[in-house]
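What follows is one structure encoded as structure tokens, with my remarks underneath.
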Ligand code: ASP
């Protein structure tokens, strides 16, 4: 089993075999999570600190549960309310953290690159739980696990990623992962919601949902990230839903057994029809949440093995 990384900051540095290693381990943790007794000891004796500089419900809860199931001491800090407002710099935060000796640090931050910066300043392993529009690696890994379990493979699939791609770290990490595993990735969005430099991504791009969904195996919807929009990106939510919202009629253009995904939180009736989101024959949105815990357990387990393999840094 090889996973030669000190941190998990993005999908970009991961090789295909490392992705497979992580997903295989996550599969074992899915099985553990379905048992009455859910405890393992991979993180026993280690301290995990979750620092969220941006709101989060499911990701924070998922990391917390993952750490507890593996026996870590877990502490969650909600930073937007405290030090960030008081003007503490990231470097100050890193110094404070170093003094607490955590082993694993899970960070979400509104600025792209902030988690990488923090990782250079702290002594522990760092996991990026989403930085600005940059990366959200555990989301892409949990999506990959969901796809692999539903489709039986993670290569040569056609995956349509639809909606607000410009503001989405979820889209970026998924594009990187799906591309690396040799899938065909199609982006479907209005021109205003596509990022600049999209040509370098190695993906197909269309502005038409029916064309984009044609023969897709996987339809991945994204949330309209209104908090990152500072202008008129869409004419109105109603118009957006009409053209880009996923409903049964548009989904009929995908393969008959295509699965529907959404990272949450969902804007029902804006990017996806509520009934379709709840349709257990098509939607795997609940599975994504379950896979999230397992993938985070696997990621922290692999990083902890690497931590334990290194000599303890003696701090005087
Ligand atoms: N929860 C995901 C994220 O943190 C997706 C979203 O918020 O739309 O990026």
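Each Cβ is built from the backbone N, Cα and C atoms, and glycine gets one as well.
Any TrEMBL annotation is an automated prediction that lacks curation.
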> For the carbamoyl phosphate site that TrEMBL gives with 58, 59, 136, 139, 264, 265, which of 28, 34, 108, 238 also belongs there?
Replying inline: 108
> Excluding 58, 59, 108, 136, 139, 264, 265 themselves, which residues in that chain have a Cβ inside 8 Å of the centre of the Cβ atoms defining the carbamoyl phosphate site?
Replying inline: 56, 57, 62, 129, 130, 170, 263, 292
> Highest CB neighbour count within 10 A among the binding-site residues 59, 139?
Replying inline: 139
> If you skip the near sequence neighbours and keep only those at least six away, which residues in the chain come within under 8 angstroms of residue 108 (carbamoyl phosphate binding site), Cβ to Cβ?
Replying inline: 51, 52, 53, 54, 56, 59, 60, 115, 128, 129, 130, 131
> Near residue 223 (L-aspartate binding site), meaning Cα within 10 Å, which of 58, 136, 139, 265 (binding-site residues)?
Replying inline: 265
> Hey, does DSSP put residue 265 (carbamoyl phosphate binding site) in a helix, a strand, or just coil?
Replying inline: coil
> Taking DSSP states H, G and I as helix and E and B as strand, how many residues of the domain 'Aspartate/ornithine carbamoyltransferase carbamoyl-P binding' (6-148) are helix, strand and coil?
Replying inline: 61 helix, 27 strand, 55 coil
>> Measuring Cβ to any atom of ligand 1 with a strict under-6 Å cutoff, which of the binding-site residues 108, 169, 223 qualify?
In response: 169, 223
